[in-house]
Amino acid sequence: MVSLSGALAATWVPFVVIIILALLFSVVYIKYFMSKYDPSLSTTISGIISLTIALLTVCLVPIDVFLASFMKNSDGTFKEWANSSDTRDSVENTVSIGYYTLYALVTFCLFLLLPFMYFFYEEKDESNPTSCRSKFCTASKYTVVFLIIAGVLMLIGGLVPTKPQPIGNSTEWDNVKNLFMQMGTNGGEDALSFVISILSLIGMLALITYTAYGMSALPMSLIKGQSNAKSELEKVRQKQKDNKAHIQPFEVVIGVAFQLLTLLIFLSLLLTNIDKALHGKGYKLGYALPKRTLPNPIDIVLVFCQKVFPLDYILFTAVVMYLIFCSMSGVRNIGIWFFWLKMYKIRPRRTRPQGILMLCMILMFIILAINIVVYQLTPQYSMYGSQMFKAPHNTTVLNKTSIIYKLEHCSLDSSRDDCVITRMALLLNRFFYKMWFFGAAYYWATWVFLGFMVLGFLVAVIKKRKSAIDGEVDEDDFDESDEEMIHA
């Protein structure tokens, strides 16, 4: 019989493996795009740490789902070791600590580490070289602004009431003291949840901009292939083009597979949003969906595969990594802009350190938004996994009414004594109900995301094939040629 310690071991051991893989992926990705002419060790380390932490927030979801589902048998009853509510609370608290630790680290990276490193390196680029102490002071001065913003957001999140206010003869000062007491009793969870909700909302804007286009452009670029480049670099790249010609059919197959996956994700999100419109709780409750009614292909497959460990891990990771790769592709194709001003181009071995830091910041925002998209993409899986419970039903036979129990999938309508909701779902719903604005904003942002996917697909179809050196060499490179020759 599997005990509580066995259940935790079965999840945390794979999570250690995931940590190693996420770290390796971040190292390879950052090193691949970091400029070979202006490498920066501090920027590289900061980018690797930030990207790894962001990836782990998504990787924790299937472990959360596994632990919640592992507490129950296939007949809807709790396993012997999970019968006690104290035991279940212990597991849930462990997972919650993991989430809050990772999200606290994400907040640290976005409001302190990455801004500080960006401004520190900007000082290095000044024409008049300054001392390390001066650069540190200047970078700290600008970073304080981000810390003030973070402090204000956490204060707002901690003071938004979650419990009924005192009634009777209570004064305004009593109400204020009650808000601060609430902030202390929940250990700052509301404050952190509010900050993460704001960051995720910003991430949705980046998701709409980069990921939606990447999901349309990446498969189509593989299917179309690249046209022959006729430039001064043709002779140098001829061997590379000859090699690409032999693998072109393979790229087409991958492009078709990616296009089908994009269509599947689009269909699942569309059905979920329609389901929320028809059966959700409305905008005042963040369009919360108590129970999935319409068929959702990705959700159905994941719930079924969740019964066969670790098949759901593999499929879930594949979907998430595809979204991340599409986001990376979108950032690389579009570049990093500040309104109408293009700040940095993302190119292999040619991206400036400041561009790397901005790239990591954008990817962190996008990964936070992917957590929201995953919740909407797989509502049943991300909330309850494959959990079942015995639901009572009235039946009448020969004018005699009796109650029978049927197995049903867990939903928000089921009680806590019957089902265990994942900590991720609980974390997201904390502000879906506390502040309806977030749930409604995510819901409508998903519609915009779907619209941009369609628009991006039309652009990708109409757009001509890319040159083999498109995006690798442009007129800006000739302005930098003297500097690069010095470094060479």
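In case you wondered, yes, glycine gets a Cβ from its N, Cα and C as well.
Heads up, TrEMBL stuff is auto-annotated, nobody curated it.
Noted in TrEMBL for the protein shown:
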TRANSMEM  12-33  transmembrane segment
TRANSMEM  45-71  transmembrane segment
TRANSMEM  97-121  transmembrane segment
TRANSMEM  142-160  transmembrane segment
TRANSMEM  191-213  transmembrane segment
TRANSMEM  250-271  transmembrane segment
TRANSMEM  313-335  transmembrane segment
TRANSMEM  356-378  transmembrane segment
TRANSMEM  441-462  transmembrane segment
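Packing against the transmembrane segment (250-271) from elsewhere in the chain are residues 215-216, 218-225, 294-299, 319, 322-323, 326, 373, 376-378, 446, 449-450, 453: each is 6 or more residues past its ends and has a CB under 8 Å from a CB in it. Using a Cβ-Cβ cut-off under 8 Å and counting only residues 6 or more beyond its ends in the same chain, the transmembrane segment (441-462) has close neighbours at 200-201, 204-205, 207-209, 211-217, 220-221, 262, 266, 269-270, 272-273, 276, 280, 283, 286-287, 372-373, 376. Same-chain residues lying 6 or more positions outside the transmembrane segment (97-121) and placing a CB less than 8 Å from one of its CB atoms are 40, 42-43, 46, 49-50, 53-54, 56-57, 60, 64, 135-136, 138-140, 142-143, 146-147, 149-150, 189, 192, 195-196, 199, 353-354, 357-358, 360-361, 364-365, 368, 423-424, 427.
Below 8 angstroms of C-beta separation, residues 100, 103-104, 106-107, 110, 150, 153-158, 160, 183, 323, 326-327, 330-331, 333-334, 362, 364-373, 427, 430-431, 435, 438, 441-442, 445, 448-449, 452-453, 455-456, 459 of the same chain, each at least six residues beyond the ends of the transmembrane segment (191-213), sit close to that stretch.
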